[in-house]
Every structure is written in structure tokens, then in C-alpha cells.
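Here the structure comes first, spelled out in C-alpha cells, and everything after it is commentary.
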Amino acid sequence: MSISNITVYMPSVLTLVGIPGLESVQCWIGIPFCAIYLIAMIGNSLLLSIIKSERSLHEPLYIFLGMLGATDIALASSIMPKMLGIFWFNVPEIYFDSCLLQMWFIHTLQGIESGILVAMALDRYVAICYPLRHANIFTHQLVIQIGTMVVLRAAILVAPCLVLIKCRFQFYHTTVISHSYCEHMAIVKLAAANVQVNKIYGLFVAFTVAGFDLTFITLSYIQIFITVFRLPQKEARFKAFNTCIAHICVFLQFYLLAFFSFFTHRFGSHISPYIHILFSSIYLLVPPFLNPLVYGAKTTQIRIHVVKMFCS
């Protein structure tokens, strides 16, 4: 697909290439992507159904897990329908405002997911380090407040990215986005203007969210491990640590994929563009796909209720 050199004033429609360099095989790439999406939808919907129907799971940890499942459904659904439209039906066009909205949803939902992982780490910290006070500290009201703060933090931090693009840029070098979805820097690079402010703010948001969340989760688990290793009985240590395994797995895969995608994009100039696009797409789809599988396999209560549901 050729890219026009004509400067465009306030374009109403943009074009998503998909995966640059792999246009001829995108229809085949769409098959595993669609399978991952369907499994993610089924797994997270099942998780939400179990948590909602079982009163014994109406605890902070599982409420946060339900929030994570809902976020995963929203995140996967914000990119896959359009991506499959590009891969299978050759519908690359997207309205400019719709593209900005998709960008805002994607980055906001990523921020929400990171915030939920912080909330889950805090819950595990209180449950293990202060078990007798857990029920008094993590009240239903506090859970609602934490959930609201997580959503508002992400939405408010990402909103200026949208405003800066809409208000600062009027002329664009091209209307063709070399990506499979509307990502912040992919849109910013189209502008025929100084994009330094947008780049700086984008990095500020990324490092603010990731920096705070990673620090908080790491400190929480340092305290958790200190408390666990001080327990006198081996069985008690194993039981306490076992309640954290699922969260640790989800936390590691979320941030490892995020950092791998970030550093290959920023510093992997020798890497082919289609590798960048593939990894950035996989980074958004793999967590929604893996999270319900990890919690289903590692959390006894969830596993029991899944078996009970299918047996009945």
C-alpha cells in the first residue's frame, strides 16, 4: 500500500495497514488471533459468572479478579473486531475520532489492568501480614473506592493524550497508520508538526503508571515473603505462598510482555516493523487469554466451582 506524500488537513478517515509486510498472509494470522480472542472471551465470561453466582467468592480478592476479567474482555474487544475486519474483510478504514476513542480505550484499560494488579497485591499483603485485620480493613466500601480510583486514575491520565492530538495537530503527512490498531505513538507520528510534547507526555504516563505500580507490588511482595518465611510451620508457609502464586504469574506475564514490547519498539530499530506490530498485538491479547487459565489452574476455589458447574 502506497503512502501519500500530500499533507492532509484534519482528516476524517484514517487507514490501518494491519501488519506491514505481512499483508498477503494476514488472513491466516487472523485465525490464531481469533482463537485466542474467543478463548479469552469464554474464559473471562466463565470467571465472571462463577464469581457472581457463588456467594463464597464475594471477597475482595475475587471481586478484584472479576474486575480484571471484565477489563480483559473490554481490552480484547476494543482491538479484535477491527483487527479481524482488516485481516479478513479488507476494511482498513476507521474514522479519525473513532481511532482516537480506540486509542483512549486501549491505553486506559491497560492502566486499569495495572491498577487492579496493585489492588490485588495490597489485598494479599494485608491477608498474609495482618490476617486478623483483613476483614476489617478490606470492607466492601474500600473495595469500591479502590476500584473507582483505579478506573479514574487511568482514564484521567490517558485523556490528555487524546486532547493533545485533537487540539495540537491540524495537518498530517499521511492518513495511513502502519499498525493493526490505533496506538498513541502510531497516530502521533502521522502529524506534520512538532510532536515532542506528545512523546514526552506519553512517556510520562507510561513511567508514572508502571513505575508506581511496579514499585508498590514489589514492596508488597517483599513484605509478604518476609512474613511467609517467618512462619514456623512448613505447611503454613506453603499455604500462604500458594495464595499468591496465581497473582505472581499474572503480574509477571503482564509486565514482562509490556517491557519486552516497549524496549523492542524503542530500541529495536534493526528489527522488522512487522515484528513490532505482532508483539504489540500479542502483548494486548495474551493477558486476557492467560489470566482466566492461570487463575482457574492455580486457585482451588475457582477450580472447584468450574468442575461443579460442568458436572451439574
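Glycine is no exception: its Cβ is also placed from the backbone N, Cα and C atoms.
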Fill in: Check: Ile50 and Gln141 same membrane side, Swiss-Prot record
yes
Discussion item. For Cys182, what is the disulfide-bonded cysteine listed in Swiss-Prot, choosing from Cys99, Cys244, Cys249, Cys311?
Written reply: Cys99
Worksheet entry | the transmembrane segment (142-162) vs the transmembrane segment (57-77): 3 or more CB pairs under 8 Å | yes
Item to complete: Within 10 Å of the Cβ of Cys182 (disulfide bond), how many other Cβ atoms can you find? Include all protein chains, please.
Response: 25
Fill in: Annotated stretches the transmembrane segment (277-297) and the transmembrane segment (57-77) touching (3 or more Cβ pairs under 8 Å)
yes
Fill in: the topological domain 'Extracellular' (163-199): DSSP-derived helix, strand, coil residue counts
15 helix, 5 strand, 17 coil
Item to complete: Could you tell me what the rest of the chain brings near the topological domain 'Extracellular' (163-199), counting residues at least six beyond its ends with Cβ under 8 Å?
Response: 1, 3-5, 7-11, 13-20, 79, 82-83, 86, 94, 99-100, 102-103, 106-107, 273, 277, 280-281, 284
Worksheet entry | For Cys99 (disulfide bond), the number of other Cβ atoms found within 10 Å of its own Cβ | 24
Discussion item. Can you give me the average pLDDT across the topological domain 'Extracellular' (163-199), rounded to a whole number?
Written reply: 93
